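If you look up TrEMBL, you'll see 127-200 marked as domain 'Kringle'. Feature annotation from TrEMBL assigns domain 'Sushi' to 193-264. Taken from TrEMBL, the feature transmembrane segment applies to 462-485, 497-516, 522-547, 702-722. TrEMBL lists 651-678 with the feature coiled coil.
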Amino acid sequence: MLPNQLGQTTFEEVQNSSVVELLNSSYSSSGNYHPELRKFVSTVIFPQCNVTVQNNTDCYSSSNVTNMISCMGNVTGTQLVPCRSWCEEVLNMAADWMKVLLPRCKLFPSSKHGCWNPTSAKLGNKVCYHGNGINYRGTWSKTTSGADCVEWLAEQSGYYKTEYPWANLDNNYCRNPTGLDRPFCLTDDGSQEDCDVIPCDADGCWDRGPPNYGKRSPSKSFYFVDERVTYTCNEGYTLKSGYTSEARCMLGGDWQYDKPSCSVNHRRRLQEELLEIYSASLAPENVVINFTGSVEQIVDLDEKKEQLVASVAIDFTWQDSRLSWDPKYYDDITSLNILGDSIWTPILTLKRNANPHSLQNDVPVRVSSNGQVAWNVETQTTTVCDADPFYFPADTMECHICLSAIAAVEQTIQCQGADKGNSPCNSYSDVTTEGEWRRNDQIFAKDNREACFVVHLKRIPLLHIATTVGPCIILVVLMTITFVMPLDRGDRISFGLTILLSMVVSLVFVTDVLPVKGALPFFATLIIVCMGLMGVFLLLTMAVIVIHDREGSLPPTVKVIFFRHISKILLLGDLTEKKRPCDEEADLTDFPATELEADLTDFSAIELINNAFQTHDKAEVSDERPCDGSETTRQPSTLLAGLVPTRSTALLELILNLKGVKNEVKDLAKAVDNKREVLKKVMMSEDEVSEYILLAKVLDRLCLVLYIISIAAAVPMTMYLGR
């Protein structure tokens, strides 16, 4: 019906305009355009008439533009141009070149002033929207979070009603006057939220509603593909068995799982009825508490403080008739979990506790329909142990973890025995390795008042034998070198002191690891004894060195005892056989003095000449022998006696010339005698020094033997006296 909004008054003008080309090209236009674009362009060119729906449909069903124009020309009625909201929605998705050919949307009236708006599209039985939903005219009035929308005339949203009068802002229905991504509304707190309105081209699942006696989250009318919904039941109800609480929307509009159903929560009802008149402060009469468990792990072991930190798992069971029920009245429920602080639980204290704390009773406790209560406790305990370090590094430690019940309640504690892989009562478990310890446990009830676990630990000695015991043995053996080194060297004492200090280091290490007890460990005591023996024999060695440096002779008795008897015992042989001949039997020829032999030769020659002068009076020349010191009368030499009767004139002259030196020859003989005496004294002095050296040698060997015997005897004696 002409004229239209483009100012065209005749059909010829319409046919010759470029808008007709837009109408024809809308069939083949590619792009993300509004699905009602062609319909909107047709309405702009040929405004709608207020005619019957049948006539209007017949004209639009023609695929030829000329036929459509001819059809419209034969229809009479009131002209209706497109509504502005429809224009805003369609052109929001149109290309710019399309917008240039069409009138601006502000030229179109609102629905209150008479305009044409197509019937709202539906998806299923719900009104949906195209594009961004500016022309959405449905009646949905809830946000995606489930909040109710307020009216557009309200104080929170009055601005929109004034600024966008054409946007169909009716009641509190969801709308999109500002051209956002989807329709929205305002809530009571003034916030703006998206509405749960369905896009017409969406692929998803329809809401199945909440379960009976329950609700769903999020609460929406339509869920897109891969969206999840969670179902929960109201208080006092629970999901029936076989249903899942979460479902996912799949392609094709199907849900992953069926919608669950809620039923009465019989467990909750049972718990409420059991505890309704129950008193947690009142213990059952003559209750017998059975227990079993084990020490799960050794967390820490402080040998010095004798403390064990262990993780313990204990299972307590007892009968409480107030907590029994008939399962047939509670959907065949035979067991129920209740918080431990809601019912009576035994008050147990940890004895020998180094870190005071009580067992947790706020953990779930399992109650059976026959009234049996099972309390499973897992806790970490710190207890004081009894260490026996005497046989270090093969020492032992025993740790008692005992839980004692208070005496105010009439109750009996009994060991239940082997259960769930635990050891039988009153017997040790198999030996296991825990670090450097071998461990075996025992579980028992003490006096029917305590639940006890015993952890018996025995150290694996290999490490300490290699790092402590072995080096000490080597040091003890190396100490024997001090008795082998030469006595005239000063290294012997310094070497012994070095070994002694090394033993001190080993002692410090042992005492630092082990706890302080009334008695020292055997190994520490043995180190102290060995250190004492080393000190004593170092002093004896110093005494032997002093004896070695002395001069003089020894008494005959000492010589016999040490050189003959003790030396044989020490495998040194008879040292008296190695002595030189006595001074009285020694001859001068034994003295290695070259000058003395030369002097003696000169003296003999002079003596021959001297005898030649004294043949007439038979003078005697005295000469002392080195062995006996006796005086003898010296006879004239046989050679000289033969020469005197046949002396010649030359010989007589020689004798007369030599007669003047007679006195000098006598003085020379005396000097020779004095030299002999000096040599005798030197020889005697050497014999005296040799005796002290031999004595030092015997004493040194004796110290070595005594040191070995002392070390060997120290081991059993220390063991006996230490215990």
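Every residue gets a Cβ built from N, Cα and C, even glycine.
TrEMBL does not curate its annotations; it predicts them automatically.
For the domain 'Sushi' (193-264), the model gives a mean pLDDT of 88. Long-range contacts of the transmembrane segment (702-722) within the same chain: residues 390, 476, 479-480, 483-484, 519-520, 522, 525-526, 529-530, 533, 537, 540-541, 544, 566, 570, each at least 6 residues beyond the stretch ends and with a Cβ under 8 Å from a Cβ of the stretch.
Across the domain 'Kringle' (127-200), DSSP helix (H, G, I), strand (E, B) and coil residues number 6 helix, 16 strand, 52 coil.
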